[in-house]
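Remarks on the structure that follows.
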Amino acid sequence: MATQDSTRPTTTQTHTPSSDPNAISFDSQKPVVRRKIRKICSLGAGYVGGPTCAVIANKCPDIQVTVADLNSQRIAAWNTDHLPIYEPGLIEVLKPARDGVDRTPNLIFSDKVRESIAAADLIFLCVPTPTKSTGTGAGRAADLVFVEKAARMIAEVAEDDKIVVEKSTVPCKTADRIRGTFSAMGRPGVRFDILSNPEFLAEGTAINDLLVPDRILIGSLKTEQGLQACTALADVYARWVPRERVITMNLWSAEMAKLAANAILAQRISSINALSAVCEATGADIDEVAFAVGLDRRIGSKMLKSSIGFGGSCFKKDVLNLVYIAETMHLPEVASYWNSVVEINEYQKDRFIKRIVACLFQTLTNKKVAILGYAYKKDTGDTRESAAISIVNHLIVENAEVTIYDPKVEESAIWESLSYGNDNFAKIKKRTTVCKTAYEACEDADAVVIATEWDEFSNKAIKPPNTTQSNPTTIDHSIAKRASNSSQDSEPASSTNGISSKSSLADLSSRTSVADEDEPAVKGTAPLVSIREHVATIEDVPLDGRLDWSHVARVMRKPMYVFDGRNVVDAAKLGRLGFRVEGIGKAGTGTL
């Protein structure tokens, strides 16, 4: 794409007050002078900074993009093909820009943080914002220590004007605190413009989320300089994102939007999980209930997959941050409402663990339990807030012997997550074994617990839609695909919008999830069919790369239990192999 004259006036797409609160208009009365971005720096080389900058560098070959981090070991890993994070499609996007494959390299990973700041025109803050563990707001408030350190370093180093962009999820008005740091510490004559550009990435689909985003939010002050900075960042995204998806708004609204999005997504998961408990008590099937509810267009089918609870670095942290904000603003009813979302999530894990104990004769002493999956969701190696951590801890308290297998989580990451703040780690280490294969983990086990919905654990296969029928009514078979699709902790990306990378995205989708636009509608007279024809059908033989449950049956102890925390297996088929299956939101087959 040809570069544009840096002095030519342009218009900025803005969210403007009107009778329609969702109205978006072009303010052509106030032309904004462009600020050309030539060098970008990300402070933080984690799950946000790495993928975000890889895509920007890939799409903007004329911009030098540097990912800077004080962790030299992490930076070294980014400069190899064994990246420090697992994300489908990441290496394919990263290598051309980093290694100069058929182009000039423009993606740099560096531990020279101060030099990277000094050279940049625009700086992304992609640093951790964990929940505070001590002090005021402990257990709820966001800990902004890394944000403050980054702001101080920028103020100390900067010798020319900088655009500083909040990518990390932060509480409202954090930009004011950053501005105060710059005002107190910055060099005379150096200007800092602060933007909020929250990320809406879901681990496992982050590259697709970056290439084909639902929206790009940019919050700024509505001053001339603020709008110039906003337009400069919008121009970067416009290299591959349609302008109508780049939304500008109030700085504080952009900060709040990320918290609100994650809180509502988490609330949907807790809602369906609360209903799963009712289903187990009444004999209803939560998958059938979710399918029926999701057909209502006002509700939709996304994020209605019941499980042992959400995990990851965002949902719990952001909901608790919202709780803390409500408490500090003297809104106790609001705080209580959002806190209940987290309470249901913890209740779901506790309920699942009690079900395991009840089925195994009320005692786990010296019984072997295999944990299949340790990441908090499939298609990632991230273990933060994984339900598997709680399960292992409780099983060890019950004196069980535990084996763990996950196809992507490193053994060191498993031990690190189990040791964090755990006084019982010595006992955990003694009674826990990390295995290289699922079969090794299941050998001589009394029970199998499916904690992550990795495709290889499932014995389900999607039944292709019958396109030979004709019907004036369109049947949404996409729900069948989504019913067995990835975890609760991701918001599915929108359909493709005609960008130049369409073919590569199609290849990526085939490895991650099924794109909605490829789902044909079925027209004609709709036959009366079982709901299960919409959800899944079972093949008689294991699919390539998937677990051979008949082999598992041969190596486990009898009676054999499968506790399916993600509803990825077909209980009837496993039942024919002799398994007793307990799923979420379903009547069990093996309660004693």
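Please read every residue number as a count from 1 along the shown chain.
Heads up, the Cβ atoms here are built off N, Cα and C, so glycines get one too.
Note: TrEMBL annotation is automatic and uncurated.
Per TrEMBL, these features apply:
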type: ACT_SITE; residues: Cys314; note: active site, nucleophile
type: BINDING; residues: 44-49, Asp69, Arg74, 127-131, 168-169, Glu203, 314-317, Arg384; note: NAD(+) binding site
type: COMPBIAS; residues: 1-21; note: compositional bias 'Low complexity'
type: COMPBIAS; residues: 483-499; note: compositional bias 'Polar residues'
type: COMPBIAS; residues: 500-513; note: compositional bias 'Low complexity'
type: DOMAIN; residues: 370-470; note: domain 'UDP-glucose/GDP-mannose dehydrogenase C-terminal'
type: REGION; residues: 1-26; note: region 'Disordered'
type: REGION; residues: 480-521; note: region 'Disordered'
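Across the domain 'UDP-glucose/GDP-mannose dehydrogenase C-terminal' (370-470), DSSP helix (H, G, I), strand (E, B) and coil residues number 35 helix, 17 strand, 49 coil. Contacts of Tyr47 (NAD(+) binding site) defined by a Cβ separation under 8 A and a same-chain sequence distance of 6+ are given as Ile85, Glu87, Leu201, Glu203, Ala206, Ser313, Asp382, in order along the sequence.
Same-chain residues at least 6 positions away in sequence with a Cβ under 8 Å from that of Pro128 (NAD(+) binding site) are, in sequence order, Gly44, Gly46, Phe146, Ser168.
Between Asp69 (NAD(+) binding site) and the residue listed as 'active site, nucleophile', the C-alpha separation comes to 21 Å. Summarising model confidence by region, the domain 'UDP-glucose/GDP-mannose dehydrogenase C-terminal' (370-470) averages a pLDDT of 92. In the structure shown, the C-beta of Glu203 has more C-beta neighbours within 10 angstroms than that of any other entry among the binding-site residues Thr131, Glu203. Each residue contributes its Cα atom, and for Thr131 (NAD(+) binding site) and Cys314 (active site, nucleophile) those atoms are 10 Å apart.
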